[in-house]
Amino acid sequence: MKLLGIFLVASFAFVLSFGEEMIEGENPLEDQRAELTSCFPVGHECDGDASNCNCCGDDVYCGCGWGRWNCKCKVADQSYAYGICKDKVNCPNRHLWPAKVCKKPCRRNCGG
């Protein structure tokens, strides 16, 4: 029983110390927003692990080759452009490119 009490006290102390670190530490989302004061044009190298907000344009994303190498800002084709646009609506640097309304692609009876 004594061992259980020691375990519970140690666990509680660990949880509290972890919570204080999260409160005192910086918010990674705020850091990302501070970094995004510019964006890359189509064809520029980009970081495949970073946000698509790094590439300028509502339908521009960071696309990579096999194994996350040779990453460049690319224009999404019509089938993916809507999803990319919806993802980029909340980009903190969206004011850097001419924003447009995200439009769903025409699936059938497109009047053509």
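Placement of Cβ uses the backbone N, Cα and C atoms for every residue, glycine included.
Noted in Swiss-Prot for the protein shown:
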{"type": "DISULFID", "residues": "C39-C56", "note": "disulfide bond"}
{"type": "DISULFID", "residues": "C46-C62", "note": "disulfide bond"}
{"type": "DISULFID", "residues": "C53-C85", "note": "disulfide bond"}
{"type": "DISULFID", "residues": "C55-C73", "note": "disulfide bond"}
{"type": "DISULFID", "residues": "C64-C71", "note": "disulfide bond"}
{"type": "DISULFID", "residues": "C91-C106", "note": "disulfide bond"}
{"type": "DISULFID", "residues": "C102-C110", "note": "disulfide bond"}
{"type": "MOD_RES", "residues": "G111", "note": "glycine amide"}
{"type": "SIGNAL", "residues": "1-19", "note": "signal peptide"}
Under a three-state reduction of DSSP output, how is C55 (disulfide bond) classified: helix, strand, or coil?
strand
My understanding is the cutoff is Cβ-Cβ under 8 Å with a sequence separation of 6 or more in the same chain; which residues meet that for C56 (disulfide bond)?
C39, F40, P41, V42, C73, L96, W97
Spatial neighbour of C85 (disulfide bond) that is closest, considering only the disulfide-bonded residues C46, C62, C91, C102, C106 and their CA atoms:
C102
Specify the secondary structure state of C62 (disulfide bond) as given by DSSP, simplified to three classes.
strand
So if I measure Cβ to Cβ from C64 (disulfide bond) and keep only same-chain residues at least 6 apart in sequence, which ones fall under 8 Å?
G48, N70, C71
